[in-house]
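Annotated features in Swiss-Prot:
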type	residues	note
BINDING	Tyr589	chloride 2 binding site
MOD_RES	Ser24	phosphoserine
MOD_RES	Ser47	phosphoserine
MOD_RES	Ser81	phosphoserine
MOD_RES	Ser88	phosphoserine
MOD_RES	Ser734	phosphoserine
MOD_RES	Ser916	phosphoserine
MOD_RES	Ser967	phosphoserine
MOD_RES	Thr983	phosphothreonine
MOD_RES	Ser1050	phosphoserine
TRANSMEM	120-141	transmembrane segment
TRANSMEM	150-172	transmembrane segment
TRANSMEM	197-225	transmembrane segment
TRANSMEM	249-271	transmembrane segment
TRANSMEM	272-297	transmembrane segment
TRANSMEM	420-440	transmembrane segment
TRANSMEM	451-473	transmembrane segment
TRANSMEM	505-531	transmembrane segment
TRANSMEM	555-575	transmembrane segment
TRANSMEM	576-598	transmembrane segment
TRANSMEM	613-635	transmembrane segment
TRANSMEM	636-651	transmembrane segment
Amino acid sequence: MPHFTVVPVDGPRRGDYDNLEGLSWVDYGERAEREDSDGQGNHRENSPFLCPLDASRGNDYYDRNLALFEEELDIRPKVSSLLGKLVSYTNLTQGAKEHEEAESGEGGRRRAAKAPSMGTLMGVYLPCLQNIFGVILFLRLTWMVGTAGVLQALLIVLICCCCTLLTAISMSAIATNGVVPAGGSYFMISRSLGPEFGGAVGLCFYLGTTFAAAMYILGAIEILLTYIAPPAAIFYPSGTHDMSSATLNNMRVYGTIFLTLMTLVVFVGVKYVNKFASLFLACVIISILSIYAGGIKSIFDPPVFPVCMLGNRTLSRDQFDICAKTVVVDNETVATRLWTFFCHSPNLTADSCDPYFLLNNVTEIPGIPGAAAGVLQENLWSAYLEKGEVVEKHGLPSTDTLGLKESLSLYVVADIATSFTVLVGIFFPSVTGIMAGSNRSGDLRDAQKSIPVGTILAIVTTSLVYFSSVILFGACIEGVVLRDKYGDGVSRNLVVGTLAWPSPWVIVVGSFFSTCGAGLQSLTGAPRLLQAIAKDNIIPFLRVFGHGKANGEPTWALLLTALIAELGILIASLDMVAPILSMFFLMCYLFVNLACAVQTLLRTPNWRPRFKYYHWTLSFLGMSLCLALMFVSSWYYALVAMLIAGMIYKYIEYQGAEKEWGDGIRGLSLSAARYALLRLEEGPPHTKNWRPQLLVLLKLDEDLHVKYPRLLTFASQLKAGKGLTIVGSVIQGSFLESYGEAQAAEQTIKNMMDIEKVKGFCQVVVASKVREGLAHLIQSCGLGGMRHNSVVLGWPYGWRQSEDPRAWKTFIDTVRCTTAAHLALLVPKNIAFYPSNHERYLDGHIDVWWIVHDGGMLMLLPFLLRQHKVWKKCRMRIFTVAQMDDNSIQMKKDLAIFLYHLRLEAEVEVVEMHNSDISAYTYERTLMMEQRSQMLRQMRLTKTERDREAQLVKDRHSALRLESLYSDEEEESVAGADKIQMTWTRDKYMAEPWDPSHAPDNFRELVHIKPDQSNVRRMHTAVKLNEVIVTRSHDARLVLLNMPGPPKNSEGDENYMEFLEVLTEGLERVLLVRGGGREVITIYS
């Protein structure tokens, strides 16, 4: 047998290689041409991340440090060349991108996208404030406090604010579960709940936003005609303040005019709306500050707004000036206008007077007593009224009697019947608007950070304003004034304006402009929402509304929005439109909470929100609260809203495809399973729904016992009881003779699955060859859409010592089968050292060595493992390799950004691997590998001799490797910078005694073998990577590593096994991962 000696040599200068016999320097700069398909199933798949990088591929292929992966670099590119693309994403939704490309017909020419730059304050917090504060605060909150009382008003505010806060928490979880492109709330809901629910809820949200525009316009008209310019009314009501047909017609005419003007403004350009947005917000803030200033001033100097009372009834002050029955003029008692109204005569005769007017005195009380007057105690309790009932003050003396019907218009009366539920429906729109920030997601610098912080902060701020306003109004304003919706008792002043400082006009003007601004914002946002739904193409008849002007403005959608808003204008009553608005928003919020609860309970791998302060119980509580509020405020409106959503759902489902509901004969379970399987079979899952569905291939011993049960343990830890797990095995033989054996093996595996707590199915096949049986399992396991997408395959231990080449041939053929089937492959090496389900790692790392990108499996697997109690405490580290021409600092930044978008917590490290010369150790090890392979083919050795020879080579490999990698400091100090080099000594070989009868004639030619250049490069990759990995990850709990693909030429299979051995040498637990050729993890929500 030939001998090898290990001798120290000088450092690796290029000239030293020339002294080695049979070694010539190879120039690796030139690359060979590549084919689109390798004939072994390694087909390309179109993907934004798995794409041929023709521009830079030339240098990549023959990079010495990555030569082991060179055959597949066109479909599995280098990480360094990919990170820039991964972190630079577009703000357009997928549907919008497809729509734009279809319209332009050329995807090549694109306008340079402007980078999003808005932060939390300007992008989320202030827009949410502007949308939440609205017309209800200024026009209805005082009336609500007077009607419901301070305590019940606080309860209404608490319920509504809790509803929006819980929804905001759920929305924050969804918004931080990936990058939220433009499309905001609709995008989040539709991508979380699917097209049917997403389309239904998206349209509900759109209708809610459209009716909000109508509500704001009606509020602006009410302010204009009631408080700013009452003479501008075209129609005059028969009574003083009743909502007669004349008043409603005024609202309709002016509302239509306002709507037309606002639509024209939005059509001309949304930039004008955005320019005035800050002005409108300033109006809101100034108005609120003036209310607080007036409340403080009322403590020591309350404003003078007297209220005229007849008995305990409140009189409407807009038709008379003097609050008295008679006055003395020139020592003569004369009747006032008030007497004239009640007695229908200027004379002081009581013949035709109203009986109640004669029996009760006229008094005047302060409308704003101030915070120090103690009216809060009187205003604590509710005073609900029926329609037409007079507003009365409790505690004032009054003689009850029937009055004249025509005198009713002189009192302040309730225009609608009130109750707790009615007030809830009217008030709820004043807490909507929480999605204004998420609707601007495309403009946010960091949506995952800004949306939760800005939205929740805005809700807390507005809630505090509402709570304090309720208490302030109850403490400062007289109860009868609070219940006076239109301010008739205080000379037709806006009630909240009477408290404001320095003037009521601050509130009147401020509220008018803020409601106009909110209406413009709604008319701007609603068409864009409809355009996003139309571009998704889930509702065919809406497709036309996806088109717009050349600059993308949704012209047709704006027209439809204006028409629907006109329906709200025709209703003409703010109190009637508000509950409709509440229904649609509550429906939307209900499904946001449902989406969060469902995602949390299903525990899909893609559900990794950065926002951690959520729980499915909070989402369920928010969903229940939304449903309860819908039926509490208006049960018939709730039914109509749910009917509309249901019809949209069924329409989208019908348009998508015909659905199979099952025959129902064999029971509900079978019907549901069949229906679900038929649904699943429609196509592959979306990237965000991808989870590993495992096919675990087990090896059985002669007694049909599982040889490596830790494979099942690993599968149970990876799955954590979720998803599909199929355990398969092959029995070699004839099916007719081995059927009973297969049944016994299946039962043995099922028992082991129960022990290891693997929830799944078992399948044992009988085949004449193990390779064929494994191929059959890979092809045929599963049913319909419930099929495996990942294969767990054990490592063939002892393949070097085996006399039968099938030991490693079966393994490599199975690798090729999984690649051809586009399945992911997981190969746990040293499986005996993997932890059991009863062990706990209290610390340590799971190290990911991301060499090439093949779909993101390497990032997803540690996340799934860490969901299990065994690996829960382990921290994740990601290493990637940088070459000489890579910017390692930028790579580290890009990788950190990419992981941030993936919502994965991991330490990031970029390892620089210089293009060092190929070491003599690498060269000699390659030579030994090829010589050993040649010798085993050529020599007719007995089994004993073959085992001894193979073990001898292995022992020399291990000893040399340990000496090279793990030499202690003492030896290093002696050797200095010397390297270890293996040298083939021909003299020793010639002097070696050996029996020529056991050797072929051409054995002597083995010493003249030159190692294949590609094998030298591959061995160099394996050695260098192994050195780096062992140095940094020798103490890791688990190392995940890209698995190189098998060679295209099957003659190099044995060398491929050797490369994998060298790559993983010295590591305790290794998981070799090979992606299936598709993306399995995404930064998007």
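Cβ coordinates come from backbone N, Cα and C, glycine included.
Contact between the transmembrane segment (576-598) and the transmembrane segment (150-172) is present: at least three CB pairs lie under 8 Å, with pairs separated by 6 or more positions in sequence. Between the modified residues Ser81, Ser734, Ser1050, Ser81 has the most other Cβ atoms inside 10 Å of its own Cβ, all protein chains included. Ranking the recorded positions Ser81, Tyr589, Ser1050 by Cα distance from Ser734 (phosphoserine) puts Ser1050 first. Between the CA atoms of Ser81 (phosphoserine) and Ser1050 (phosphoserine) there is a gap of 30 Å, rounded to the nearest whole number. Tertiary neighbourhood of the transmembrane segment (249-271): same-chain residues 213-214, 217-218, 220-222, 224-225, 232-235, 516, 519-520, 523-524, 527, 553, 555, 558, 562, 565-566, 569-570, 572-573, selected by CB-CB distance under 8 Å and a gap of 6+ residues from either end. Across the structure, the residue listed as 'chloride 2 binding site' and Ser1050 (phosphoserine) place their CA atoms 59 angstrom apart. Contact between the transmembrane segment (197-225) and the transmembrane segment (613-635) is absent: fewer than three CB pairs lie under 8 Å, with pairs separated by 6 or more positions in sequence. The listed stretches are 120-141, 272-297, 420-440, 555-575, 613-635; of these, 272-297 has the most Cβ pairs under 8 Å to the transmembrane segment (505-531).
Following the DSSP three-state reduction, the secondary structure of Ser734 (phosphoserine) is coil. Same-chain residues lying 6+ beyond the ends of the transmembrane segment (420-440) with a Cβ under 8 Å from its Cβ atoms: 118, 123-125, 127-128, 130-134, 136-137, 140-141, 144, 147-148, 152-153, 156-157, 159-161, 163-164, 167-168, 171, 175, 180, 184-185, 188, 205, 208, 212, 215, 382, 384, 447, 450-451, 454-455, 458-459, 462-463, 466, 521, 525, 529, 575, 578-579, 581-582, 585-586, 629, 632-634, 637.
DSSP assigns Tyr589 (chloride 2 binding site) to a helix in the three-state reduction. Sequence-distant contacts of the transmembrane segment (120-141) (same chain, six or more residues past either end, CB-CB distance under 8 Å): 215-216, 219-220, 222-223, 277, 280-281, 284-285, 287-288, 426-427, 429-434, 436-438, 440, 443-445, 449-451, 453-455, 457-459, 461-462, 465-466, 469-470, 473, 485, 494, 496, 507, 511, 514-515, 517-518, 521, 574-575, 578. In the three-state DSSP scheme, Ser1050 (phosphoserine) falls into the helix class. Packing against the transmembrane segment (613-635) from elsewhere in the chain are residues 159-160, 162-163, 166-167, 169-170, 172-173, 421-422, 424-425, 428, 579, 582-583, 586-587, 589-590, 593-594, 596-597, 600-601, 641-642: each is 6 or more residues past its ends and has a CB under 8 Å from a CB in it.
The DSSP secondary structure for Ser81 (phosphoserine) is coil. There are 31 other CB atoms within 10 A of the CB of Tyr589 (chloride 2 binding site), with all protein chains counted.
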